Amino acid sequence: MAELRLPPNSVVKKGKEHKEQEEMLKPRKVKIYRYDPDLDENPTIDSFEIDLSKTGPMVLDALIKIKNEIDSTLTFRRSCREGICGSCSMNIDGTNTLACIKPIEEISGDIKIYPLPHMKVVKDLVPDMSHFYAQYESIEPWLKTDSPTPSNSERLQSIKGREKLDGLYECILCACCSTSCPSYWWNGDKYLGPAILLQAYRWIADSRDDHTGERLEDLEDPSKLYRCHTIMNCTKTCPKGLNPAKAIGKIKSLIAERHGV
């Protein structure tokens, strides 16, 4: 008989409770996933009571308040605070999103914050993005041309050619979509996932790129591309309102056209 076991330190336990001593006008409890691999202990869910009347409107504001005033060991990424850099991607209230643009008022009850699913956790809310970025590098996300670079101008593009990149170039590589995709959970070692495939199509669709055929040939692989089963979690969760599933469909259509289908 097979003996099934959970990996070491995989059971999430109840952690510390930090209660506010002063009277609060707008009390709210924030529950945060905590994990430090250096301690060789199970992850925990720590609870923090904060006064929303003394913090900003976004979830990131609450995290910064907790780190600055309650527990300085709380670890998370953040930078722009404008939904541009993608640093503060995490799972909030069951949905992958950006903490800096997620309004607290949209969340009912306790605010529950976890790191992005599927990825190895570096510490607390910080996921290891190494594999994700390696996959991004594999699609060669830069302009590949055969003609020499113009000496006195940039490579020009028509207005219509530029419009084809709308809904693609805005991707900030936050990984919210890829880590919400069950196909990526199951086959993340080979399947590129929605974020990387959207980025791949961004270069395929660029009228200035001369290597469309080569890019499509590289993606024509049972694992890299065709593990997409149109579950649509990617489109639902994208904090920028993009549609990775549509981009994946476009790639499949172009490959089919190359085979006369």
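Every residue gets a Cβ built from N, Cα and C, even glycine.
Record check: Swiss-Prot places Cys171, Cys174, Cys177 at the [4Fe-4S] cluster site, and the matching candidate among Cys228, Cys238 is Cys238. In the record from Swiss-Prot, residues Cys181, Cys228 bind [3Fe-4S] cluster; the candidate from Cys100, Cys234 listed for the same site is Cys234. Swiss-Prot lists region 'Disordered' for one of the ranges 1-23, 139-161, namely 1-23.
Remark: secondary structure over the domain '4Fe-4S ferredoxin-type' (161-191) totals 12 helix, 0 strand, 19 coil, with classes taken from DSSP.
Among the binding-site residues listed here, namely Cys80, Cys100, Cys181, Cys228, Cys234, Cys234 has its C-alpha nearest to that of Cys171 ([4Fe-4S] cluster binding site). Within its own chain, Cys181 ([3Fe-4S] cluster binding site) has Gly193, Pro194, Ile231, Asn233, Cys234 as residues 6 or more apart in sequence whose C-beta sits under 8 angstroms from its own. Apart from Cys181, Cys228, Cys234, the residues listed for [3Fe-4S] cluster, the same chain places the Cβ atoms of Cys177, Ser178, Ser180, Ser183, Tyr184, Gly193, Pro194, Leu197, His229, Thr230, Ile231, Met232, Asn233, Pro244, Ala245, Ile248 within 8 Å of the centroid of those Cβ atoms. A mean pLDDT of 97 is what the model gives for the domain '4Fe-4S ferredoxin-type' (161-191).
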